[in-house]
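**Q** Questions regarding the structure given below will be posed in turn.
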Amino acid sequence: MDASPEPPQKGGTLVLVRRQPPVSQGLLETLKARLKKSCTCSMPCAQALVQGLFPVIRWLPQYRLKEYLAGDVMSGLVIGIILVPQAIAYSLLAGLQPIYSLYTSFFANLIYFLMGTSRHVNVGIFSLLCLMVGQVVDRELQLAGFDPSQDSLGPGNNDSTLNNTATLTVGLQDCGRDCHAIRIATALTLMAGLYQVLMGILRLGFVSTYLSQPLLDGFAMGASVTILTSQAKHLLGVRIPRHQGLGMVIHTWLSLLQNVGQANLCDVVTSAVCLAVLLTAKELSDRYRHYLKVPVPTELLVIVVATIASHFGQLHTRFGSSVAGNIPTGFVAPQIPDPKIMWSVALDAMSLALVGSAFSISLAEMFARSHGYSVSANQELLAVGCCNVLPAFFHCFATSAALSKTLVKIATGCQTQLSSVVSAAVVLLVLLVLAPLFHDLQRCVLACIIVVSLRGALRKVKDLPQLWRLSPADALVWVATAATCVLVSIEAGLLAGVFFSLLSLAGRTQRPRAALLARIGDSTFYEDAAEFEGLLPPPEVRVFRFTGPLYYANKDFFLRSLYSLTGLDAGYSATRKDRGTEVGVSNRSLVDRKDLGSVSSGDGLVVPLAFGFHTVVIDCAPLLFLDVAGMATLKDLRKNYRALDITLLLACCSPSVRDTLRKGGFLGEDQGTAEELLFPSVHSAVETACARREELMAADSAL
């Protein structure tokens, strides 16, 4: 047990503080205990397992009917009304028929109602995931021999439209473009859902936390630009080939500029009117949202008016304007996704699963904190995974939590996930009765709805200057992620964001701040001598602070910083002393840190016999951990200082650092060594060092 060498005093009474050593359990014993706990079969365990998988069993019996029902019904109706036009519009992004978007919205709401732990999050179609699904669908369609420029929506698209020079993939002779497109989407969705379920079973909910907020914001920004680019041709009514792969955004805009003369005047006018109405309505809603009890369903009103105008104006027949086409009613028979396609899209499903999980967990945790309850990240993975796995057999594609609809749910009084059942009922009504009424809806109107929904993500670019002032490293992650999404691809943008995030993290720990500390007046506190004026440096003692972990990547910087600030290269000087060469001290300022990165062993450091200090105290409070290289660095440092008759002391070590020091052999086997080297505070270490020095000087004087 560790004991403080100088126990604190309280009211003149000494208080002895001893540390209870941690009881370490071996890996095999830990695995056995967890396996035994997991495999125990009893009624309470089975009940807990079922309640964990289906949280609705726990909260539904406690539902406060009078308090919650009105808000849940209202928010469910509003979200259902918003879902219908968004589902039809987002089918453009996914390259699928609108009916499949409605299926997806219906099943996702029901499954998350049963399995979700968040009371407010809305899980359903999400623009970024729709874009990622659409890119995979387009690529696989082209590989299968279908014309990539053929759109999914519109009349006559259920026919097999093939390239003249392409060879039809075996087994596709009886399956048209739309049939094969939904096969690809369901296979991709099933694989992504299986990844998410597997992550939930393995308790890997923490993995999504490695996708930082700047990364997600930059990814949303880059993906929004890509979505805007993909919808530009629908806004103008221009038919251009679908571009894939490297530089898709640039190639698409070049094709648009080359074919802008072929724009459909009817689509251009309709797009201009719809954009003006939607943007104006959104701005007014944002400005006066405190006065509106229920958000105005602008998208639905625009769709209704546009559909009526297109039908009675015969815009498709007279002006060649592209329309949604036939949207069937009812449900189709379930179908098992094609295993061959699943293997071909397995890699794409990984990025899809990671993005969907990250957005879902981050939104669930954010709204749980703001409303005073907790969510389970692992259960969220299972819930979102099941929202992908089960609906994949019913012609649905990937889903995740969506911020905009979640905000609407909260604003309209949502209290529990019962509102999702109401939303599913609204979608079901459209599926069974109202879907054919959208036959004459122009695709440019759907594109306008998608573009306007990107306002929030595109506005995040205004936050970049503030992010740069706050953290240049985070701003670099934001820019790198967004730029790679736009210039290369969505998947490459995600990888670039993760890479730069890890690089930023490594950079921050590789070169942390280092400083010499001095005493604040007569207090027991010490601060950076270069940052504050009027501090009192302890006589003949150097107090060094390193604000980061000590590990293999920064051990050299640790030594360079220490040697530069103290003016003594201990390794170089100890070697010269062993060789019998006179050593001296540098005349460099002890707090000058301008060349911390350029100081190397022996470069301009001349050390005399009188070093100006007899003890070095390292403030280990910011020292998070030590690895093998860090332990070896401390051992060598103590050895070199000892050769120069300088004492090395450590202060404010955390229990984990103390354990590492003991296991690494830094403290030795006896308790006395720890009490001589480790101190509970910087001040106690400094006072002990000064007291020991005075005792030695007194002993020398007596001799």
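Cβ coordinates come from backbone N, Cα and C, glycine included.
Sharing the features that Swiss-Prot gives for it:
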DOMAIN    531-689  domain 'STAS'
CARBOHYD  N158  N-linked glycosylation site
CARBOHYD  N163  N-linked glycosylation site
CARBOHYD  N587  N-linked glycosylation site
MOD_RES   T13  phosphothreonine
MOD_RES   S586  phosphoserine
MOD_RES   S589  phosphoserine
TRANSMEM  68-90  transmembrane segment
TRANSMEM  94-116  transmembrane segment
TRANSMEM  184-206  transmembrane segment
TRANSMEM  260-279  transmembrane segment
TRANSMEM  291-313  transmembrane segment
TRANSMEM  346-368  transmembrane segment
TRANSMEM  381-403  transmembrane segment
TRANSMEM  416-438  transmembrane segment
TRANSMEM  476-498  transmembrane segment
**Q** Six or more residues beyond either end and a Cβ under 8 Å away: which residues meet both conditions relative to the transmembrane segment (184-206)?
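**A** The answer is 94, 96, 100, 133, 136-137, 140-141, 335, 337-339, 341-342, 344-346, 348-350, 352-353, 356-357, 361, 376-382, 384-393, 395-398.
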**Q** Give me the stretch from 68-90, 94-116, 291-313, 476-498 with the greatest number of Cβ pairs under 8 Å to the transmembrane segment (381-403).
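**A** Between the candidates 68-90, 94-116, 291-313, 476-498, the best contact partner of the transmembrane segment (381-403) is 94-116.
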**Q** What else in the chain is close to the transmembrane segment (291-313), if you only count residues 6 or more beyond its ends and a Cβ gap under 8 Å?
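**A** Tertiary neighbours of the transmembrane segment (291-313) are 74, 78, 81-82, 84-86, 88-89, 270, 274, 277-278, 281-282, 285, 321, 323, 408, 411-412, 437-442, 445, 448-449.
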**Q** Under a criterion of three or more Cβ pairs within a distance under 8 Å and sequence separation of at least 6, are the transmembrane segment (476-498) and the transmembrane segment (346-368) in contact?
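**A** These two segments touch.
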**Q** Based on Cβ pairs under 8 Å, which of the stretches 68-90, 94-116, 346-368 lies most in contact with the transmembrane segment (416-438)?
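**A** Per the Cβ under 8 Å count, 68-90.
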